[in-house]
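Shown next, in structure tokens, is the structure this report addresses.
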Amino acid sequence: MRFYIKTFGCQMNENDSEAMAGLLVKEGFTPASSPEEADVVIINTCAVRRKSEEKAYSELGQVLKLKKKKKIVVGVAGCVAEKEREKFLEKGADFVLGTRAVPRVTEAVKKALEGEKVALFEDHLDEYTHELPRIRTSRHHAWVTIIHGCDRFCTYCIVPYTRGRERSRPMADILEEVKKLAEQGYREVTFLGQNVDAYGKDLKDGSSLAKLLEEASKIEGIERIWFLTSYPTDFSDELIEVIAKNPKVAKSVHLPVQSGSNRILKLMNRRYTKEEYLALLEKIRSKVPEVAISSDIIVGFPTETEEDFMETVDLVEKAQFERLNLAIYSPREGTVAWKYYKDDVPYEEKVRRMQFLMNLQKRINRKLNERYRGKTVRIIVEAQAKNGLFYGRDIRNKIIAFEGEDWMIGRFADVKVEKITAGPLYGKVVWVEKTPSPVSSSE
């Protein structure tokens with residue numbers, strides 16, 4: 001039998017989908033390239049924003065139409081599944097899988113194939129180990145979830161309610177997974193967590209993200225290590241030192257700020273001020289001068305005034321982010337903001353504010369990217385884009401596109417930058433590593 005998984009949302013969802021695929025293949029199922037070719041269709045959903053949730057419902061609607069034409073089993077997983085639970089069974093799905101029940105996907109599928117309606121929401125994170133099979137989407141880079149859940153409870157965020165409280169994987173188990181990846185030819189890993197900086201605190205055995213990075217960097221074959229996503233008040237001096245001194249740890253930090261207004265930050269329950277955030281950036285840059293810092297900002301949070309917004313503009317100008325992800329505030333049912341704050345900023349004003357910041361960030365990007373003009377940069381070749389060009393990232397997470405060939409994927413290459421934009425850079429390959437490229441994409 002064949003299965004198809006459609007994934008929405010964050011990298012952790014991608015990693016969960018890789019695990020579900022691995023478990024199904026282990027049980028004899030075969031991946032399909034589209035829902036039309038599949039006997040089992042799983043929609044792995046995201047609830048972080050209203051738009052992402054709407055996309056998942058739209059996909060479900062299309063699959064349920066297909067179900068009327070052919071016999072298929074339909075499952076819903078991810079954060080919307082955790083939030084809406086059995087409601088999906090009422091809508092026509094055959095099984096629903098909670099965020100901590102991913103290791104039980106084959107149980108759900110088998111029961112659904114026998115005609116049962118299945119809802120699994122038990123906590124099975126203890127089965128989320130290095131032994132869990134995965135079908136990975138890259139030949140050289142792997143996602144590795146190191147901590148599940150979040151304890152921060154920002155007032156706008158649904159994640160603590162859908163992903164649960166923080167729980168770290170034992171360091172030894174994570175390192176076993178990384179060793180296994182290195183043996184299979186993987187060269188890059190990204191450690192994932194909703195609040196990745198909190199890794200180890202709940203283990204109470206001295207584990208920390210900084211120590212994990214150090215230990216993982218000792219594994220032969222692993223060339224680069226990334227981590228996502230950081231929370232400002234958990235970003236330790238120890239972590240900064242590791243980024244500064246360890247050549248395998250990426251000089252790239254994603255540090256969401258969400259707003260530049262202290263009043264709004266307090267309403268968001270972000271637990272820091274604009275001044276404290278900027279001071280943290282200064283501390284990181286003083287130790288890691290080459291670091292690239294990116295961030296997230298929400299515009300139009302309840303009661304956000306023009307004055308609040310201009311505080312955010314001021315922060316963006318001072319922070320000089322390499323990348324900035326912008327989102328329009330959308331109320332998430334069940335959150336504190338949804339319950340207590342009126343969504344009172346007009347949508348048109350939210351759009352205007354987002355567009356203003358987008359234009360500002362483009363100017364900043366263009367200016368920062370000028371530093372690359374004429375330089376030769378070492379990247380790991382990732383893939384071929386739709387426009388036919390190949391691309392890769394340097395250790396600062398800068399994307400560089402170039403004319404290449406498929407055999408280059410997964411290898412180091414030196415690219416001389418010839419063209420600058422506000423987004424990717426463009427260049428010419430001057431050297432490519434001659435060692436064999438990794439070919440395995442499954443475990």
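Just so you know, glycine gets a Cβ as well, placed from its N, Cα and C.
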Inset, instruction - From Cys10, Cys150, grab the residue that Swiss-Prot records in the same [4Fe-4S] cluster 1 site as Cys46, Cys79. - result: Cys10
Legend entry - Arithmetic mean of per-residue pLDDT over the domain 'TRAM' (370-431): 98
Inset, instruction - Using C-alpha positions only, work out which of the binding-site residues Cys150, Cys154, Cys157 is nearest to Cys46 ([4Fe-4S] cluster 1 binding site). - result: Cys157
Legend entry - Secondary structure of Cys79 ([4Fe-4S] cluster 1 binding site) (DSSP, helix/strand/coil): helix
Legend entry - Cys10, Cys79, Cys150, Cys154, Cys157 as binding-site residues, winner by CB count within 10 A: Cys79
